[in-house]
């Protein structure tokens, strides 16, 4: 094993939808006839919900992913500015209402500026707002949401309000809330219960406050991770039956919906936004291609040229990460379990290896598999001094961080989201965001990509809310290709792109409608790196 150099005095240097519903005029196809994703054979049972006892020491009950990333670096406020819990404060907005719980309502002006900046790169969502707000397609909708509360999410929330909905919102992650944005939303009357740095007890308290309001019964859910859905399902079963639709955008949340459906316990229709082309391909690939470099640079100031990097997983996230690192001159290895993804990696110019084959020589390890224990304690023990370990997957289970919290290892906080884990021989491994999601933990994500996802979410909510009774059964539905194409078309003007139109003869030859959809549901889009 390579041993670390002797310790130096002082601080060590940091190593460098829809046809028959409301949007029939857009020729969307009804969703009930579209094939559904097969259930994952997973017999995992949902855990019990935490109680107040042992608040911080309890592991997350339903989903670890809700605590799996810190807030964006682009936040004016910091949770350390005021140690007083928002639950212990009495705050009132300028309208005299106090139906919210945020860090500091006085920072609303800063949040409004953040939202205005985000709006500039979310023109498609703003366009949808302007087209539909006169008709108020969500009038009467009472939406309860549990997502990351950022400036981009605020644009979505304000769009839903403009379309007629009443909204109450909480955060799906205890560290991802931008406090000033939460304050800005609370200032305009949206009931927000979230702040950066919540405890686990705070997390569940905020969810419950969103749901449990006298005289207010939610009829729509928008979720990221499944915690809100399962809290309502477990704690308010009668209220759950009154929900008209659920929109879920994450891998984890969709998986849990299919579990409920398979068990016969899903009593409301749900939309699987995660597997829409415009979300999975664009959000996962293009977003991560940019944010991986941003997160690593902000935290470590590392130079990528010549560095040996192993990316665990070659799905859409892995493809984005490897493309960015390769372009910066890094020597990139890939680990994979899927022979098809492995062949893709080989054809893209990457060497596919087992992690143990390169663990002693690599400078950076990036996980993006969605699995658990991808990097184990034994492998961390064999990494060389100064190596960087981080995660781009959904949850913090990919790196065995728990095994590093032992008496023989020393943790040294270098800066926000950056820790040195020091071995007895002096070896240091740089762990970013404690193994949580890097891009939301240590940097920001591109607003334009989030606009694509948010537009899809808004359309899914509109369709479910306006669908006639009986169109959707108590099951999980995929979004139709036509909705994906419509969302994409809304974003093309940003690039001054001009679509070619089929002639009648060409459309007849191909057997297509001139207005789409242009690809069958089974078509697999190929996205080059």
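Placed from the backbone N, Cα and C atoms, the Cβ positions cover glycine too.
Record features, source TrEMBL:
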- 150, 224, 249, 279, 283: substrate binding site (BINDING)
- 315, 316, 317, 318, 319, 320, 336, 439: NAD(+) binding site (BINDING)
- 59-78: compositional bias 'Low complexity' (COMPBIAS)
- 284-445: domain 'S-adenosyl-L-homocysteine hydrolase NAD binding' (DOMAIN)
- 46-93: region 'Disordered' (REGION)
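Per-residue pLDDT, averaged along the domain 'S-adenosyl-L-homocysteine hydrolase NAD binding' (284-445), amounts to 93 for this model.
Not a single one of the binding-site residues 150, 224, 249, 279 has a C-alpha within 10 angstroms of the C-alpha of residue 317 (NAD(+) binding site). Put simply, 283 is the one of the binding-site residues 249, 279, 283 whose Cα lies nearest to the Cα of residue 319 (NAD(+) binding site). The maximal spread of the NAD(+) binding site, taken as the longest Cα to Cα distance among 315, 316, 317, 318, 319, 320, 336, 439, is 22 Å. Each of the binding-site residues 150, 439 was scored by the other Cβ atoms within 10 Å of its Cβ; the lowest score goes to 439. Proximity to residue 316 (NAD(+) binding site), judged by a C-alpha distance within 10 Å, picks out 283 from the binding-site residues 150, 249, 283.
Between the alpha carbons (Cα) of residue 315 (NAD(+) binding site) and residue 224 (substrate binding site) lies a span of roughly 20 Å. Within 10 Å of the C-beta of residue 320 (NAD(+) binding site) there are 25 other C-beta atoms, taking all protein chains into account.
Taking Cα separation as the measure, residue 224 (substrate binding site) is nearest to 439 of the binding-site residues 318, 320, 336, 439.
Residue 150 (substrate binding site) and residue 439 (NAD(+) binding site) have their C-alpha atoms 13 Å apart, to the nearest angstrom.
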